[in-house]
Every structure is written in C-alpha cells, then in structure tokens.
C-alpha cells in the first residue's frame, strides 16, 4: 500500500525544515516540498537539495513573479488597496498565490494533505487555510506549529541537530522578516514596544532618510488604464519596473512604514514595512485618478479601496466578493492613462506634475485670468436650489 503524500509550503528556514521530518514521522507520509519565488532576495538556489536531504521525497520550485505582478499586485494597485490606509499588503497578497501553487503541486503529485508553517497567532494561517478551502476543499490541512511539542526555537534547533537536519539557525535575528517584490514586513524584538523607534538594523533595503542623497531624484511614471507601463520614458515589464522603483526608492529612503494594525485574529500588532515601489506607485496612481475620474466615482472608489484591502488582508482573495469588486474597479480604470512626475527626497514623496489625454481638468473653467469661460452668473441659481432644502428646514424649525 502506497504512503499518503503531504504537500508543504517550504521556505528552507528552521520551522519548515524540521516540519518535513516531523510530518514524515507522525503521518508515515511522503513529503512534497513546494517553494514559490515571489521576488524575495533570500537565498533560494540550494533549496531543493536541502529539502531532499531533510527528508522530502519531491521538491517543486515555482517562479510566480510574473503572475504575482500581473494578476495580484496590479489588481491591488488599481483598487488603491492600502490596509488601514497604510499597508500595501505585500505579504497578504503573496499568500493566496503561494497557497494556490501548493494546491496545484498537491493535485499534480496526488497528495491527500496540505501543510503550512504558520504560527497559531498570526494572519498567515488564516490566509493559507481559507485559500486551501477555496481551491481544494477535499484536502486535509495540517498546521504543525499549532500542535507540535516544540515550545522554543532552541527546542527546534535541538530536534534538527538530533536528526541531522541541515539548518543554519545558530544565532537568531531579533526580527521576524517576510519579503517579496512588493515589500518587506518586519516585526518582533524591540519593535514590539510601540514607543521604541525602529533601529536601523531592522531595515533591510532602505537607506536612512538622513543618509539619503542631498539631491532629489525625479521619476516619470506612465500608466495605461491604471497599470504602470514605463519609467522615465522606458517601457518595461511590470516586474522590471517594480524592481527599478524599489532600488531607486530605497536609495532615497522612501517606503518606510510604521503602523499599529488590527490583525485578523483580533489583536493589534506593531508592524514595520519597507515598500519603496509600492509607496511610489500608489501615490502616483492616486494622483492620476484625481485628474481623470469623475467626482462621484473618485469619491465612491475610496470605499471600495478599503473593502478590497480588507478582503486581501483577511485572506479572502478567492472570494466572490473580490471578483465582483474587480468588475467595478476595471471600469473605473479605463480613463486612468497618463504620466505622473514624482520627486523622491530623503524619505519623502512630492508631486511635480501630471498629465493625461483623459484629463477632466479644464484650465479655461478653472482659471481666474481673462481666459475664464466659467459662467459666474449661473452660480446664483445653483446655490439657491442647492441650499433650498436646508432653507425650508430652517423655516419650519426656527429654534434650531
């Protein structure tokens, strides 16, 4: 009788490395380790040999970067999705795609179970398991970190040494870090005190604003229907554009975010993020929308932006609601074509200009010069009708 197979999300870190051995023994199963490339800079070249040496029977490496940018990041950007008006959702966006890759591998390999290495206290367990349930409800889900016997990192290292599991964890960084091309999340250590300023060693890619260049950097970003397509006049792929903006923004100290956020599981947490490209692109995209969207659409879309951000953050990417909102968002983005010029300087963003063939700004109507074509006399009748309801109310209720 053949053994059952378990597909696991594998990063090569301490937790997922010992998870292979632990699951293999507990369930007498074969382990299929799956790693997705979402643009993280972390070493990924030797993961296959490490997974096999740890006890996996198979390994799948999936380059998800193009799909991540085109089907996840750009959707979130067009939606204006910033969780609680700050977080550009880098980790939250990556989880459903990674979970989808694990499901695909599990189905291809004939697995009967899925496993992840998330703790029982965070958001990611929700994102993985809700996605698993959405895409493969017939597969059993395992969460070893919620049930295994290890109560400390030291205990995990001891287990690894006992079973000759190759891990490099000998000195722990004080921070927990997750990274993909859209941003980096940093937590734990001294960051758990919300009154402690983040030490410089917490930041992974951004230059301290104080040490950033004394001369500003100016970038021109061109959008077509809400999607960035060129940088400084050079057409490039979404992946290349994000990588370049990450580099340029980081060098200028742009993209450092510090927030107290409300987790899915009901607690508040202090999070530090680095997201240079995301910060710049959200800023530029919003300014282009101000120029091209009709007033009521622009104002109403802000509500949709928050709803969309909540859907992503709460792990509901594959929900009918997200698909329904996409239809509205795609309609709003049809006129969002044009160029935005942004100045980057010592951690700050400044808008220098914007232009669009679909601009709703009419200089002849807006000007106060002799070129003015606005009918000033029409304002009297408009104001009379606009305030008529309140005038009538006050006449009936004089005491108010």
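Positions of Cβ are set from backbone N, Cα and C atoms, glycine also.
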According to Swiss-Prot, which candidate in 134, 185 joins 87, 123, 127, 176, 261, 273 at the L-citrulline site: 185
Same-site residue for ATP (record: Swiss-Prot; known: 9, 10, 11, 12, 13, 14, 15, 16, 17; options: 110, 117, 120, 122): 117
Cα distance (Å, whole number) from residue 123 (L-citrulline binding site) to residue 15 (ATP binding site): 17
Max pairwise CA distance, angstrom, over record-listed ATP binders 9, 10, 11, 12, 13, 14, 15, 16, 17, 117: 13
Residue among the binding-site residues 17, 119, 176, 185 whose Cβ has the most other Cβ atoms within 10 Å: 17
Cα separation, residue 119 (L-aspartate binding site) to residue 261 (L-citrulline binding site) (Å, whole number): 18
Nearest of the binding-site residues (9, 13, 17, 119, 124) to residue 185 (L-citrulline binding site) - Cα to Cα: 124
Max CA-CA distance, Å, over listed L-citrulline-binding residues 87, 123, 127, 176, 185, 261, 273: 19
